[in-house]
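A quick write-up on the structure given underneath.
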């Protein structure tokens, strides 16, 4: 299991996210603090220190300073290949080499044909001078993106959410060195996807999206992007599909998420995030997103496959967001709370998630769920971690469905039912 390997290898998370201000800042919406004390639950004080987000597609976590963020991410080894670190402005162009929409030919021809569909992305953020207090826009990081569709007067670009997250302005660098502003259509932190649009005049060359349902280990693939920034644009690396349908737990600004990914040994480095993974036909089969970074390990890169990203991308283009079922609770894993804080909980209950706070307008509040409750089942399926609950909620259920939960309130076992609402109701 991936998480076990992380712990055994003592690997370090190196999310290349941009540095954040010193003060904690809520991401999308405020956490709703549950004021009512639960006298039976002695862990209330402990939970108040746990950063638990509200469950739904808009999970709420505080954006922490970069140093603290690294230190608090346990032993995960996933690295967002985003290159989102502060860099000096560069005059280098960002026509990133990619792979083609055409049929066969050798790799050089494929790369040459498709390079015009790959773009560099620069994330600009408002940053305040700590001495003068003056705020100004500065480059926070760089990444990659793929031109894949034209509709009406606009061309659309796929990239990773972590490439453009918190941007006040987004600049796209095209294959010929021309730069243009891009508009963010929408983003989904839980799948680490975002869609940008630019003027349709830039859509002369689009990358065709391939079908990954038949993708097999051993097939040749090519990764393209801007490793370490735009200075090394037009970088192409070649490899094979190492495995398909991997599932990896990834910390995001919306809480921990599980991504289904393609594993490849094609080199994916910081700055490659949002770039293309392309098959031997020159079709876009993946969006490069992650890598494992630890001593003694090489060739472990991951891309979101087209069968996963296209439904999300199409929904974002259509509605500007991704609608998901919303319960309205903040949570943490039972295993993260010292047992002496849970004296009334039966010894047989060894796994589950603890409700840390509740949105008082949510379905959870209306159903009577309280802070301190321990959720152990959802619709008859065991819930051992927050990731379990999110996976069942987002994969198996939809807005309007009934959710039956088994919970423990102290020593008492209870069943609670609620009707799932939409995360859009909290926006």
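Using the three backbone atoms N, Cα and C, a Cβ is placed for every residue, glycine included.
Caution: TrEMBL annotation is automatic and unverified by curators.
Residues 45-64 are the range that TrEMBL records as transmembrane segment, among 5-24, 25-44, 45-64. In TrEMBL, the annotation region 'Disordered' applies to 1-32, one of the ranges 1-32, 65-96. Across the domain 'PDZ' (316-384), the model assigns an average pLDDT of 93. As a summary of secondary structure, the domain 'PDZ' (316-384) carries 15 helix, 20 strand, 34 coil according to DSSP.
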